[in-house]
Amino acid sequence: RERLEKEKEILEERAERRVEILKNLGAELTSHCVRSTGGEEEEERRKRQREEEEEDRGEPAKKRVVLEEEILRLNVENNKKEETIVQLRERGERVEEELRRRAEEVEKEQMKVEKERIRVEEELRRREEEVEKERTRLEEEVEKERMRVEEELRRREEEVEKERMRWEEEVEKERMRVAEELRRREEEVEKERMRVEEELRRREEEVKKEQKLKDECPGCASLFSSLQTDQRESCRLTKENKALINGMFQLQTQVTELQKQLIEQTGRSDSLSEQLNTSKTRLQQLESQSEEKTNIVKSLTQEVGHLRQEVKEGEGQSSSVFHASMEQLKKESEAALQRLAQTCQLMEELQREKNRLEETLTHSEKRCERLTEELANQKAEFCGQLQSLKAELESERGAPRGGLKERRGDLLEETLLQTKIVRQELERLKENLQREEEENLQEEENLQREEEENLQREGEENLQREENLQREEEENLQSEGEENLQREENLQREGEENLQREEEENLQEEENLQREENLQREEEENLQKEENLQREEEENLQREEEENLQEEENLQREEQVDEERTVSVVEELKQEIQRVQERREEQGRSRRSREFEAVKKEMERLKERKTQTQSVLRSGGRVLHPEQDVPVSSLRSNMADRKRKSSEVQDLVFSENKRNRLRTNKRNKQEQKDGTLQKIGDLIQNSPSRLRSKAKTIIGLVSGHPVEKETVTTATKLRRGRRKLFQSGVSSPLLDSPQMSAVAEEEKESDHLIIKRQLRSKTCRK
């Protein structure tokens, strides 16, 4: 099809080129004719003008010469015109031949186009037939598949319904049987309990009689012990009866569990029926889709018929109409191919839906088989439990009876030997014992008969169950054999149909292989791109993992290095501190000369202030030494009656402001000096605890702010009740050497602040 389209395009281009060439030739001929006629008219007009001019001049001689020249010129021009006429004729003949040749080529081209059109129509007709066949085939396949699926669903529904009914009947029978068995066992237990109670009453009466006999004859201790053993045995029997009752209750709980399982199975069967209903709705939807497809195919056939009629009607029209119709046919053919592809996709979806339904059905079958196995196992377990209970009951009944008989014989022999004195009473006892033995024998015979009857009933029931199970198994085998045969036949039919489909699909696959190859190439390229992207992502992930591992290793190494570098860091800190001290000394030497004079003046002022404060304190009645604490009392001081002068207060405020300014300047300078110490402190914060504590002590010693002193001063400052006028540490005199540090200045300032606070507190108390 693509090759046909390419050939059509080439032919159209050739025809257009030829038409353009013919148009150009016609235009050239018309222009040449116009040019030749226009030149002759101009020459005649010029001649007339010349003749008129010569006649006006009236010169005959000149006219003659001019006429001769004109004649010669005209002859030459006539010769040239004849030559041009000959050339034009030859050219016209050539043009006619060219036109004739072009017309023949156009006719041939039209014939080719007509043949191509006929071929395309045949191709379209063939394709339409193929589409119609494919549509019918698809409709038949869809109908067959739908019928088969409906039959399969109907069959499965019937099987599920039968299986559910069968299980319900079996469970109901089993429940009724277990209920009857429980009722029978309860009656037996009730009878046994009544018998044991009667036996106990009888034994109690015997015990009373034996007690009387014991009172009468002291040699009957053995009889009393035997009676006690009988009582113990009776207690044991009552306990065993209680255990049997508990076992019956357990069986009832198991029956309730089975009923719950049946309810769950019914719920599962309901869910399966719902799934079948959904599959039916899906089939209906697919049928509606197939009907829509058939309508689409019918509309396509109608459109193709309309197109044929239009082609027949437009055969006499121009080539442009033909090309337009061809383009429309191309579009319609492409649309038809797209619709075919859509139908193929829908068929694939139907196949997938069918496979899914088959899987669900197989899953439901497996579930039913599993449930049957579970029920069979439960039945076997119940049968085993019932048999074990019967054996236990028989063994428990037989053992005490044999023991009682033996003990009774022994007791009778002992009583005959030992109680010769009370024979009359013993004879009465013997008669009673004989009667009881006869009753016991009758009871035992009745129990044996009942047990034999129960065993016969159970055997018959088991035989009936086995026969029913065998029948059900045979029926299941027959049904499975028939189903297998039907499946084999269906598989054979499907195999034949699949072979036919494969033969038809192989032809289509050959055409689709080329397309698929291109798609595969594109997919391979995309896969390569995706693989490259995945590789890049994996590489990035590996890199990130490696980086994380490296970071972890680096962290571990850093931790190890930090632990190893504790001593080395201390040494480095010492060296850095020494360097800082050297820098400070170098900077301080230049500043000390300037500050020395200011410090002297400040010291003189401080001395004056100290003398003033001392005079003030002495006037208050006490002289405060630097190391003495100031006592704080609740009573008013002696200075309360004295008022401060305004001049003194102003002088104090002025000096205090000045000192604060100097202190702020010195603090700024100190902060600039402590830049390196800040870096060292940051390093210490990230170091271990031991190194941190050592480094803090060293930095405190160097900077003049020991840690312990700071804590003490803060503690003392918080307590307003006790204030010290002077620090506890001994301060060196300022004027001893020019090497004066900031520590002494801070100590002086702190002393001054303390004095000021003391004075303020006293003024406030006034």
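Each residue, glycine too, has its Cβ placed from N, Cα and C.
Of the given residue ranges 176-199, 248-271, 680-703, 728-751, TrEMBL assigns the label region 'Disordered' to 728-751. The average pLDDT the prediction assigns to the coiled coil (64-216) is 77. Helix, strand and coil residue tallies for the compositional bias 'Acidic residues' (544-553), in that order: 10 helix, 0 strand, 0 coil [DSSP]. Mapped onto DSSP classes, the compositional bias 'Basic and acidic residues' (512-543) shows 32 helix, 0 strand, 0 coil.
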